[in-house]
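Here is what TrEMBL records for this protein:
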type	residues	note
DOMAIN	251-317	domain 'Potassium channel'
REGION	1-35	region 'Disordered'
TRANSMEM	95-113	transmembrane segment
TRANSMEM	118-138	transmembrane segment
TRANSMEM	158-176	transmembrane segment
TRANSMEM	188-208	transmembrane segment
TRANSMEM	220-239	transmembrane segment
TRANSMEM	301-322	transmembrane segment
Amino acid sequence: MRRGRETSIGEACEMETRTSSMSTSRKRSGNAGSRALRAIRKKTQAVTLAPRLLGTRVKHLLRDELYIDVSIRNAPTVVTNEIANLELLAAYHRWLRGVHALLAIVVFVLSLVRADVVVNWTILAVSIAAILIIIKVYGIKAEYTGLTNVMYKENRSVLTSPFVNQMFLEILIWIIQTPPIILFWRPFFELLNYFIFIRLYVIVVYIHNAVYVHRTFCRAMAAVVGLPLSISFTIRTALVYSKAKVTCFTILISWISIGCMYSKAEHVSLSDGLWFSFQTLSTVGYGDLSPTTTTGRLVTVLAWIVSFLLIAYMVVILHGSLVQDENEYNMYVLMRCHKLSHKVRNESARVIQKAWRFHRASLQLPQTRIRKVKTLLQAWSLTHTISRLRYVRQDWVYTTRLFRERRHNPIVGLSEYKHREELYIAQCAARHTQRQSDVDAFMQLLLKKQDKMPTREEVEQAIISNSLDNSFSSFLDGARAPNVVTTSAVPSLDIGSLFDKVEDLETKCRELTTTIESLLATAATNPPSLAHSHER
């Protein structure tokens, strides 16, 4: 019985293990199937992304992306339908430009391959498909024009739209290629495939549509501001705000493309073509590889043009990176002012210390030769320390002035320092003008030979002060009104003796000026004074 029970228990365990293994295998197979279904679903979603976008774009538009209280649902039905059609056309236009860019990349890659009949027929087929896409794209632009321009509302056709010249230009670019069957002028027609790189402009157009044009907010803001949302706007913003990405991508693509084109033109290996491309783009030119065919020389000219454009752009980038920001410059000047202020303090302390040592050395008696030499050395050291202090203070004052000049007065449009300087000059000019008018008024009174003359104190106040004194102004009022009789007795002055004294004073001033100039020419040069070290 025990053996029967044991065998039955063993069989039950084996059955359980078998069922568990079968269930795990089923789970694994189910997980593998679910993974495969998920992968297929992801691929399907990626392929059908553009068609699904056409249906969801209108829903996103009706959610009011601009965050305005007025909803599109409240607008009339005709306006709502027109806006919905416009958004649908914008999404369709973006999708077509993406396919167009993909075809341009495919054609460019095929042009780098060795040319034969199959490759040329393939390029021709892809080019025809791209031309059909161009016609459809400009048909959508004609619909845009009919919606936004009354002149084209009735005739929404490709041939009547204002973009017909651009359409024919794009078609011409996509027509230029080597024909599959060449009956004559074979060298000339074989060169045409080297101009297929021009078709890569479609990538820039697609980026422009994908980044800006398809967004309702960007189009609305461009319309409000009046800024043309063109391709040049995208190129300029990319060159300014995405310098590193644009530079690295352009250098890499140019190097690989020119290397492949040169290897195809000169029938050399790809490694030699890449080496020649590096030499040409870096403007080194070792001379170990040189073009011998016409197509190779054409590729060399193209590489030369690309190298100059890249070098010029990189120089601009380097210059822009080295230019300091205004805030950085202000911080640097402020820190330098702080450093120079401490340096002025230290240099002033050194001047005081060396001046005290020189003073003690000069008072020591008796003055032996060693002490005299020591005194001379201390005097020389003191002179150079004073000069160094003067230069440091000048630099400090100049740097402080620069920091003040960075602050602008919003009313006059000048810096604070310049504004104060202009005010000071204006005040000095006003004082000089007032003083000159006072002197002119006094001389007119003298020349008129009035009976009532001012006193000496009134004359001095009229010439020295900024404005006329009360007594002198009262005198002028009395002079202007001769009928008014004054009771004060003013003594008369001799006009001739006054003029003689003035001439004598001018002669003495001229002699004094001549004497001072002669003394300055013959005087010995002394160390600079600290009293004027703040002047630059």
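Keep in mind that glycine also has a Cβ here, set from the backbone N, Cα and C atoms.
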Within the same chain, the residues 6 or more beyond the ends of the transmembrane segment (188-208) and with Cβ under 8 Å of it are 94, 97-98, 100-101, 103-105, 107-108, 111, 115, 120, 123, 130, 173-174, 176-179, 182, 231, 234-235, 257, 261, 265, 294-295, 298-299, 302
Counts of helix, strand and coil residues, the domain 'Potassium channel' (251-317), according to DSSP: 52 helix, 0 strand, 15 coil
Looking only at the domain 'Potassium channel' (251-317), mean pLDDT returns 83
